[in-house]
Amino acid sequence: MVNYPHQLIRKTTVTKSKKKKIDFANRGMSFEAAINATNDYYLSHELAVIHKKPTPVQIVKVDYPKRSRAKIVEAYFRQASTTDYSGVYKGYYIDFEAKETRQKTAMPMKNFHAHQIEHMANVLQQKGICFVLLHFSTLKETYLLPANELISFYQIDKGNKSMPIDYIRKNGFFVKESAFPQVPYLDIIEEKLLGGDYN
C-alpha cells in the first residue's frame, strides 16, 4: 500500500489500559445517593424533612495571600460524632445511620463506633425513632434494623464481631427498593414502628 504523498508507513501504537483503582472511601456512595434521592422525594412530596448531616472538618492550615482571600490549604475529616441522617416525620424525630457492605453473610460491626451507639441510645431514651439502614450490595438487599436491636448486638462484645445477616433478617425489616422513592424506609416506619407491630 502506498502512503501518498510522503510514502510513510504509519506505526500502530498499543495503549495499555490502566487497572482501575478501587476507591474504598466512596464505595458506599451509590447507596448514600439512593438515600439522598429518597429524602429529596419525601421532601418534595411533603412527607418528611430528613437531611444528611455534614461531616465535621478540622481545618489545619489557612493561607492568607490577601486579607479578603483566605484559602484553606490543609484540612481533615473528623470522625462523625453522631449518625448520618436526621429529621422529622409526622412530628416524630427521625435519626439513622446508613451502612453498606459487599459481604454476603454479615455486616462488619467495626463500621459502628461506640459514640454512635451511645447517640442512638440517647435518641431512643427521648422517644425518637432511631434505626440503621443496612445494604448488602452483592445481594442487592437492604434492611431497616431498629436501633435497640443494633445496641443489643453491639453490647455482646463492644462491636468486635460481625452481625450475621440471619440476625438482621430476624430482627430487622426488608426494604423493597422501588423507582420512587428508591429506598422507601418511611413505609416500614409507618407500618412497623408507628403501627404498633413492633415492640
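Placed from the backbone N, Cα and C atoms, the Cβ positions cover glycine too.
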Co-listed Mg(2+)-binding residue [Swiss-Prot; alongside Thr82, Asp84, Gln116] among Glu74, Glu97: Glu97
When distances run from the Cα of Lys99 (site 'Transition state stabilizer') to each of the binding-site residues Thr82, Asp84, Gln116, the nearest one: Asp84
Which of Thr82, Gln116, the listed binding-site residues, has fewest other Cβ atoms within 10 Å: Thr82
